[in-house]
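The 5-phospho-alpha-D-ribose 1-diphosphate binding site annotation in Swiss-Prot covers ARG85, ARG110, ASP135, PRO136, MET137, VAL138, ALA139, THR140, GLY141, TYR142, SER143, ASP206. Annotation comment: Swiss-Prot describes ILE200, GLY205, ASP206, ALA207 as uracil binding site.
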Amino acid sequence: MKQDSRFPNLFILDHPLIQHKLTHMRDKDTSTRTFRELLREITLLMGYEITRNLPITTRRVATPLVEVDAPVIAGKKLAIVPVLRAGIGMSDGLLDLVPSARVGHIGVYRADDHRPVEYLVRLPDLEDRVFILCDPMVATGYSAVHAVDVLKRRNVPAANIVFVALVAAPEGVQVFQDAHPDVKLYVASLDSHLNEHAYIVPGLGDAGDRLFGTKN
């Protein structure tokens, strides 16, 4: 894991397996099925790092040989909240890692001015819960900012929120950091820039279209 000095709340997960799989996702000839599988696999690998600092306690268990005080995750419960629609493809990988997590949804679409328009919010109970927001792309950053806003407006502490994406543009990361400097953002790659259509370069195209086999 590495950081960029420009963005103190950004964490880039540069594990070789993540980078290898991301390269295949970038390939325009990768099939919808393979794209979907790779997204799930990368998210699972990223989830390992994202959950690294969950608090631990112990409980007494009986092995076939003896009783022992063994480590278990303590305290806060987890919720996975994909930003629709492309974020759905990431939730399965996180659920593979933490199958007991609750799942919420935040639905936004990008208007002509690239600003997010909210059309759905469904969340589990908020008390004493860590929320993992997920969306494959942080391009302009506005949708990511909006998703965090949704939780903060409901009094979820910043310390209980993380955002995870595959690729991000520096422009979007700056927008996110300006709005939420107290929320950690995890990505697999910080790409070069946004083009005139607000697409990440080099990026991987429209993640939702490639995930679901649709055309914009």
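Using N, Cα and C of the backbone, Cβ positions are placed for all residues, glycine too.
Shown here: features listed in Swiss-Prot, placed on the structure.
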residue	record	Cβ neighbours (10 Å)
ARG85	5-phospho-alpha-D-ribose 1-diphosphate binding site	18
ASP135	5-phospho-alpha-D-ribose 1-diphosphate binding site	28
MET137	5-phospho-alpha-D-ribose 1-diphosphate binding site	27
ALA139	5-phospho-alpha-D-ribose 1-diphosphate binding site	26
GLY141	5-phospho-alpha-D-ribose 1-diphosphate binding site	26
SER143	5-phospho-alpha-D-ribose 1-diphosphate binding site	27
ILE200	uracil binding site	27
GLY205	uracil binding site	17
ASP206	uracil binding site	16
ALA207	uracil binding site	25
Rounded inter-Cα distance in Å - GLY141 (5-phospho-alpha-D-ribose 1-diphosphate binding site), GLY205 (uracil binding site): 16
Cβ within 8 Å of the mean position of the Cβ atoms of ILE200, GLY205, ASP206, ALA207: remaining residues of the chain near uracil: PRO136, MET137, TYR199, GLY203, LEU204, GLY208, ASP209, ARG210
Cα distance (Å, whole number) from ALA207 (uracil binding site) to MET137 (5-phospho-alpha-D-ribose 1-diphosphate binding site): 7
